[in-house]
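Asker: Annotation comment: TrEMBL describes 6-27, 65-84, 96-117, 129-149, 155-183, 246-269, 289-306, 327-347, 367-384, 391-408, 440-459 as transmembrane segment.
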Amino acid sequence: MERAEAYGFSGVMSGAFLLSCLLFAAISRRQRGPYMDEVFHVPQAQAYCHGHFLQWDPMITTLPGLYLLSVGVVKPAAWLLGWTGSVVCSVGMLRFINLLFSAGNFYLLYLLLFKIHQKNKAVSGFQRILSALTLATFPTLYFFTFLYYTDPGSVFFTLFSYLMCLYGNHKTSALLGFCGFMFRQTNIVWTVFCAGNVVAEKLNEAWKIELQKKKDEKISSRKGSFSDLTRILQFLVEYLLSPKNLVALTALTWPYIMLVSLFFVFVFINGGIVVGDRSSHEACLHFPQLFYFLSFTVFFSFPHLLTPAKIRKFLLSLRKHPVQYGLITVISLFLIWKFTYVHKYLLADNRHYTFYVWRKVFQRHDLVKYLLVPFYIFAGWSFADTLKSKSIFWILMYLVCLLAVTVPQKLLEFRYFILPFLIYRLNIPFLSLYRQLLELAFYILVNAVTFYLFLNRTFQWENSDEVQRFMW
């Protein structure tokens, strides 16, 4: 990192943290008590603060990573600063933990952008800083910086694990992955993703050697024709069935294998992934979640995905391969027909954006969910097109993890899309400066609207005196 870039990044990060602190103060003044899921998280953390580590709220569905870390930070700080009484582990103090995680996420996002795109000499330091700032203010994540939720900490440890993986520190990566798992069980998928990065790198090296042996320059691991994909899949099967290759890959990925093994032991002992209340978190094959994720990604990455050039390129591809797209359309319609689920929370809780998306779009008519298929196909094509700089093995590995983290979820919840979106966004090429500024301005606008609604457009339910607020 050059000195000017280091100073620039430090200045931007400090400024962003100061503004976040001011916003944090405003939100804490308006919403002093626990709100939404905080009514479960805050008392649980406070019980740990008082040393009651065997006390557990059965409504909590995640492991106690957030509460353990909160006690580990707040208690020493209280001792050093002489805090006593209710200020220790108060709602505001616990929420401040996530403000620290947010600053950490900003730094990690910058380091990841630097590492992933280090070979691209055309990318300037200013562009890296701008992209890190944009992703640090990603609306769905940034909102929960100011509440006591698991999301900022979950993202922090997952991104840190990914960074260590890219630098080859796999034991450290697996340890950080365990911390992420303690914040949210589904983060085990991103441990598999880190192991998959190692495997994809080795596969790509072996594939290049294979191409050289056959002296066939027409075959490339980055081309998308059906014949190329068939050859690649055949190579993949042969490579992974080789005992020698399996031993070599196991030697490289054993820290991740141990963590995944520990996860399966946990699932066996616990009787499932969810701890506490499982009635509202049933796993199912909800394939349309992939379509919702693609739509979510197009919305938040429209400068990357929704451009006139991409639309023209897609239409050209559509004209060249009508049979393939016809088959994809039929499969998509079938998946929507047979595997669409509507969670009771989605229909009942009018405090979330998803409630209004579902009511204003999908509930207008039974046919709407089918009429959106052409948009889903374009979104999927554009999504894949932006990843063409990655090897086919990396793309296959990421796709498997994306399906694993989205499809089993019955509830349409935008928070579940945060990590797969960030991983995707980190790995696509940089845009022009103009489009980067457009993306940042859009994020700031969405955040401004969300915080305005949360703070000022309150309402009440008929059967409750509690003030209700709009949120993600």
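Every residue gets a Cβ built from N, Cα and C, even glycine.
Not measured: the values here are computed from a predicted model.
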Asker: What same-chain residues lie close to the transmembrane segment (246-269): Cβ under 8 Å, and 6 or more beyond its ends?
Answerer: 170-171, 173-175, 177-178, 181, 185, 188, 191-192, 194-195, 198-199, 202, 240
Asker: Could you check whether the transmembrane segment (65-84) packs against the transmembrane segment (327-347) - three or more CB pairs closer than 8 Å, residues at least 6 apart in sequence?
Answerer: no
Asker: Same chain only, please: residues at least 6 beyond the ends of the transmembrane segment (129-149) with a C-beta under 8 Å from a C-beta of the stretch. Say none if there are none.
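Answerer: Answer is 5, 8-9, 12, 16, 20, 23-24, 27-28, 34-38, 41-42, 45, 66, 91, 94-95, 97-99, 101-102, 105-106, 109-110, 113, 155, 300, 414-415, 417-418, 421-422, 425-426, 430, 433, 436-437, 439-440, 443-444, 446-447, 450-451, 454, 471-472.
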Asker: Using Cβ atoms only, state whether the transmembrane segment (289-306) and the transmembrane segment (391-408) have three or more pairs under 8 Å that are 6 or more apart in sequence.
Answerer: yes
Asker: Same-chain Cβ contacts of the transmembrane segment (6-27) under 8 Å, 6 or more residues past its ends?
Answerer: 95-96, 99, 102-103, 106-107, 110, 125-126, 129, 132-133, 136-137, 145-146, 451, 454-455
Asker: Given a Cβ distance threshold of under 8 angstroms, which distant residues of the chain, six or more beyond its ends, lie next to the transmembrane segment (155-183)?
Answerer: 62-66, 68, 101, 104-105, 108-109, 111-112, 115-116, 141, 190-191, 193-194, 197-198, 252-253, 255-256, 258-259, 262-263, 418-419, 422-423
